[in-house]
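Undergrad: Pasting a structure here, questions to come.
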Amino acid sequence: MLFYRTLLIFILTIICVSTEEDSLSMTKAERQSLREESRRMFYHAYNAYMDNAYPADELMPLSCKGRWRGVTPSRGDMDDVLGNFSLTLVDSLDMLAIIGDFSEFSRAIKLVIDDVRFDHDIIVSVFETNIRMLGGLLSAHVLATSLKNDVPVLQWYDGELLAMAEDLGKRLLPAFNTSTGIPHGRVNLKHGLRGLADSRETCTACAGTMILEMAALSRLTGNPVFEEKAHKAMDRLWKIRHRTSDLMGTVINIHNGDWVRKDSGVGAGIDSYYEYCLKAYILLGDEKYLARFTRHYNAIMKYISRGPIMLAVHMHRPHLQSRNFMDALLAFWPGLQVLLGDVRPAVETHEMLYQVMQRHTFIPEAFTSDFQVHWGQHPLRPEFLESTYFLHRATGDDHYLRVGKTVLKALQQHTRVPCGYAAVNDVRTRVHEDRMDSFVLAETFKYLYMLFGEDKDLPIKLEDYVLTTEAHFLPLSLATDGKNGSYLSITIDDEDEDKYRKTCPNTASLVAEKVRQPMRQMLGSTAARPPARLRPLNDPRHINALSDMGISVLTLPDGRVQLLYTINTAKSLKDAAEGLTFMKEMFKWNTLSDSENGVVAAGVKVNERILPGGPGHFGKDITGSDRITGNPVAVDPIDACTPIVNKNDIAGKFGMAIRGQCTFAQKVRHIQEAGGTLAIILDNVKDSSHETTALFAMSGDGKDDIEIPAVFLFTLEGEYLKQAIAENPNIVVTIGELKSIKKQHEVGCDNDNCEIITNPAAVESDNASYEHLKKVLGQLVSQIEMSLTNEEPSKTCSEEIQHVQVSKDKFVNEEARSKACTTNCGVEDNDNVKNIMKPDDDF
């Protein structure tokens, strides 16, 4: 009883701390530390690209090789961004200037001038080439020109990048040769539209995200053709809006201007069109773009915005929702609202997105209005950080610094690999994808750095520039320098237009915290369900949220965790349905080894034998050719759950402890405090071995104070190590990355022939248990769906449902204890329908 009282007090304490968190400010030292960490993150990715991929367009961070168009395996339309023109370097140029690395900025510009050519027989995306390549060249040119007088290493620069930008711009011009002026979606860099005769469609964002770069190119070179083409495209897009709703669709026929897809939102396919409507006014001073954006904005807030939720509608039937999910690209919208000066709804939508991120660690590519994953991919997009940055500048609220810190730590923990940062294929499993887009360096790390930095840290005045959709810098002075008139003029038929022309940002009366708090209550953030891959399962808030969903958390004597799911203990039918979703996601994750999720297995060399071990999700990584040698010594107490008594024996050596009773991180922390240089944790499950149980990485506990590395050995490998120590107490063992250390010490082990044990062989009986589990889950789904829809189930009740127990290494059907109805009993009669899942590696 005392335990439960203590637990209740702890829960209340956590809630109070969470509630008061927004009133706490971030110290200057912590902010500077995060700024430097974001700088190091950029360099880790940039150096990995330059060392392993340049002059290829992208780095493949898992393969540690470059991605070339026509050489590496095709990814279909995704490869339209590639033109064999060193995309990542060009896209990253201005980031080198922003962080003040002028020497590397100068070197990189010279590399681009010497190595990059556009005369390739390659079909590329007009949109992507414009925002990444053309924008990157223009931004680097603008910054190099403005800084050269004060930076000696740049004084050699004489406009070479602008000449390259003009060459590239001319290669994009054939795309505008349509009867409507709306550009083709793709163009051949060498032959224009050759081979593209059947091209008919493009997206609204693809056609409407040209004006900033094209106008800048015209005004910097004095050649008006680029700006004229872009104005004409924007004018035609405005004319084909739906005249009643003022909304835009997402896909257009470029030849006749008809809409191919009429769903209208603020995310994929349309996002940056709205962005460039507003930013064209800011950069060029042309008020027609403000008037257009205002009309669009009013329509969006009327039809698409549902409080913080932004759901697409049919442009011609704006009261009819076109889909029930949102996509990650809409995360730019709060930042755009800040530029307009409408900060309150920006705070609300950003808070909604933050809840999605907290629930899944990353914002998935698409998610439903109740925050479930619709499409789990996460390519390390920058849009949420972009809005976080603008909201912090608008409100000065340190909450947004803490949001940025959460994103930074998630990137470091779950996406950093030895060769850069790898995209996440599914936020539920965190399996890596061999992909690092150029925008990770050009935008994601840039917004992190600028968020934690201060204006005085930057070599330019931010208020003198507009950031493009790719976070490239274009100077506001272009509004008067080399000004070209709009190619077409139109009449704005809005009687209320004038009241929007004078709109200016005003945040003086807004306290962002007061807006966020009711949002959290409405969104249910205090009970937001944790991600299925929870590490560790010991946060009282998570346990309370799981309880509401009918899931109880039990800790077994051996330190493992059981999740017990019972439908009728859920707070509501909706919570029960979400609990089932959680259990299904947990099961999906539980069937994957962490090695499939990018875990780098460790190797422990004892005498002439190499023992496979699991690394930690905390402390120093052991990667590549790293080797750590030391003498392992058992700690006292052996579970290391309290401060180490035999500190003198442990100092400077490897502390060895047994699993159980507390988290891995707590054990390693105590060994570190005792002076240990590395922690070895031995399994407490009888006869476990890497040959029968999948390797996994030990979990952290949310703190980042652990600096020493740690490895985990299963029981049989641990017994071998203990026997070796008994025979030679002064034995020295060597620890490194498993594949690397095997290659070094094992005969016949090379890059193509080096067996790494990552998954144990499946037990034959597992298949039957797996099918049984799927059957049980299917029955529960049917029952909940019928209950939620008030349907009357059929009256047959015949099949016995057994308890199912799922562990990391195998599935076990326990003895049936009760009879349960498969379709008739509903929620009320399912006391005994339970699913137990045990993620072994939580403790």
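Including glycine, each Cβ sits where the backbone N, Cα and C put it.
Pulled these features from TrEMBL for this protein:
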type     : residues : note
ACT_SITE : E128     : active site, proton donor
ACT_SITE : D271     : active site
ACT_SITE : E365     : active site, proton donor
ACT_SITE : E383     : active site
BINDING  : T469     : Ca(2+) binding site
Undergrad: Measure the Cβ-based neighbour count of E365 (active site, proton donor), defined as the other Cβ atoms within 10 Å of its Cβ.
TA: 22
Undergrad: Out of the recorded positions listed (E128, D271, T469), which are within 10 Å of E383 (active site), Cα to Cα?
TA: T469
Undergrad: Check the Cα-Cα distances from E128 (active site, proton donor) to the recorded positions D271, E365, T469 and tell me which is shortest.
TA: T469
Undergrad: Counting across all protein chains shown, how many other Cβ atoms sit within 10 Å of the Cβ of E128 (active site, proton donor)?
TA: 21
Undergrad: Among all the protein chains here, how many other CB atoms are within 10 A of the CB of D271 (active site)?
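TA: If we count other Cβ atoms within 10 Å of D271 (active site), we arrive at 26.
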Undergrad: Any same-chain residues 6+ apart from T469 (Ca(2+) binding site) with CB under 8 Å of its CB? Would you list them in sequence order, or say none?
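TA: The list for T469 (Ca(2+) binding site) reads I131, T209, L212, S272, E275, Y276, F332, given in order along the sequence.
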Undergrad: Let's check the environment of E383 (active site): how many other CB atoms sit within 10 Å of its CB?
TA: 24
